[in-house]
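Copied from TrEMBL, the annotated features are:
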type	residues	note
TRANSMEM	20-36	transmembrane segment
TRANSMEM	58-79	transmembrane segment
TRANSMEM	91-113	transmembrane segment
TRANSMEM	119-137	transmembrane segment
TRANSMEM	149-168	transmembrane segment
TRANSMEM	174-193	transmembrane segment
TRANSMEM	252-274	transmembrane segment
TRANSMEM	280-300	transmembrane segment
TRANSMEM	307-328	transmembrane segment
TRANSMEM	334-355	transmembrane segment
TRANSMEM	367-394	transmembrane segment
TRANSMEM	406-426	transmembrane segment
DOMAIN	475-538	domain 'HTH luxR-type'
Amino acid sequence: MRETGGNNQKQVPRSRAHPAVFSAMVIVGFGLYRGVNSNAYLSAFAFVEAPFVFVPDLFFNVVVACSVVVCAAVAVALALTGRIKPNTMPFALPTALLLAGNLAALLGVVLALPSDVALLVPGVLYGAGSVMLSLFWIEAFAASKPSVIVVQIALGMLLNVVVSSALSPLSGDAQMRLSCALLVVMAGCAWFVRRQLRAASDEGEAEGKAAGGALPVEELPAEEPARTGLGASLRARWGAYRDAFLELGDSLVAFFVLEAVIGLLNSFMLAGSIDFEGSGAVSIAAIVGAIVVFCFIVFVAHRIPKVSTVSGVVMPVLAAMLVFLPFLSEQYNLVFSLLLLGSYWFVALLITYLVAEVAHVRKVSPYVLMGVAMGVARVCLVVALLAGYAAGVAGGGPSDEAEHTMRYLVIIVVVLYALCMALVFFSRDRKRRRAEGASATPGEAEASTDPVAPADAGAAAVSEGETALDARCAAVAHEGGLTDREAEILGYLARGRTKAYIADVLFVTENTVRSHVRNIYSKLGVHTRQELLDLLER
């Protein structure tokens, strides 16, 4: 219901809150979820005071990972088949699952169960609840533009640190009671966010109907079948997800490799009873460090780095440090573990942002993107955990120190191989992109240095030229069926802006800009920057 004033202008519906209020609720809800969940993971579910590096209990981690894989696969399948529509991911059910786990631990119900069941039941509750809430919040992020998404994630993770730090010194019972209360507050934030998302969706549909037209096929969300036939709909949907995963490819590879490396090393250390002073605090310190670095690049550097660039710096350092891991002091193990886990959590934060950004820009389901990322990562973790544990206990375990060192070296060789293969992948991917850029946009440098208007033109002439160029870009975009974002990028290309410049202005990755440029060229039937400029001058 819209209100009209005396001037008959349409006003914002009462059901829609100010964007700042919406963002604040997303930040609070996400921060509470992450803070309570990370704390409950140890106290109420795994029943340990602190993890060893990354893994609190091998069996519990495997159960949680398997639960995440199953739930993520179900969510992806339902989203791809259209059985889960946008803004329908449950938040009350997963909150109830996490509350049930906390209450069962608080009341002593879990401890009364057999030892294996006492870890199996909480593991399933934790895994299922975490998947659904993660998908809920990634959809909330994807509703905003990229420059807002990255701020929401940064502030939400800072709140996560505050909540975790406040809960950690408390006794186990106090932690679980306060966690239950905070989960209820988180559910209230989720309810508000869901209401706002549905109000925005309903308003968009109403405006679309009032305009008397439908979105072109290119702008249809991947979960909404186009009305041009099932075959065209499936092709468009497949193409959208293919492009989305190609854009996320190097980021996901880095994430999966780090997940496997951590699981392999950590489980082998657990199986071999390898411990070092400070191992219980490594995970918390690494998370805090990763969040601080992420917030620095968001609020100070104002630029999101490529995951391949980060990996190209970090992975060679990790590989070099690995060689000396079995032979040096506990402090060396501590530093290595901090760097490894810090890199993992930093990449995880980048993945969260990139998934939300790609879902927002490409209009594809964030359930599918995040579900695949979570599911495949946990598969890598399970395989690595079991392999590391098997290497540590095979044949009854190492009989002497020499055999133990040899097994440790074998594990290190496997890890080195994984890191090197990831680096080779990033190197080849970078070369391929350079080749594509050279072949697709020859003369781009010359075009980028061409002035838009003569240097001696007056301000009025420049303004008139800018208006004419904008009008021509709008006409070409309309004729070519470009999306709003592609039309916006076309304006920058017409002015000779580089992909790096466009990425900075729009606060997106260069991969996203590169993908949009390819789509623009394809839709307009051009192959180079010069051909595009010639088209705009006709």
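Sequential numbering from 1, following the chain as shown.
Yeah, the Cβs are placed from backbone N, Cα and C, and that goes for glycine too.
Taking pairs at least six residues apart, the transmembrane segment (174-193) and the transmembrane segment (252-274) share fewer than three Cβ pairs below 8 Å and do not count as touching. When Cβ-Cβ distances under 8 Å to the transmembrane segment (252-274) are tallied for each of 149-168, 280-300, 307-328, 334-355, 367-394, the top count falls to 367-394.
Between the transmembrane segment (280-300) and the transmembrane segment (334-355), three or more CB pairs separated by 6 or more residues in sequence fall under 8 Å, so the two stretches touch. If you look at the transmembrane segment (91-113) against the transmembrane segment (119-137), you find at least three C-beta pairs under 8 angstroms, all six or more positions apart, and that counts as contact. Against the transmembrane segment (58-79), stretch 367-394 shows more Cβ pairs under 8 Å than any other of 119-137, 149-168, 307-328, 334-355, 367-394. Beyond the ends of the transmembrane segment (149-168), by six or more residues, the same chain brings 23, 26-28, 30-32, 34-36, 38-39, 141-142, 175, 178-179, 182, 284, 287-288, 291, 294-295, 298-299, 304, 349, 352-353, 356-357, 360, 507 to within a C-beta distance below 8 angstroms of the stretch. Residues 26, 29-30, 33, 37, 40-41, 44-46, 57, 59-60, 63-68, 71-72, 75, 89-91, 93-95, 97-98, 100-101, 104-105, 110, 113, 190, 194, 366-367, 370-371, 374 of the same chain sit 6 or more residues outside the transmembrane segment (119-137) yet have a Cβ under 8 Å from a Cβ within it. The average pLDDT computed for the domain 'HTH luxR-type' (475-538) is 80.
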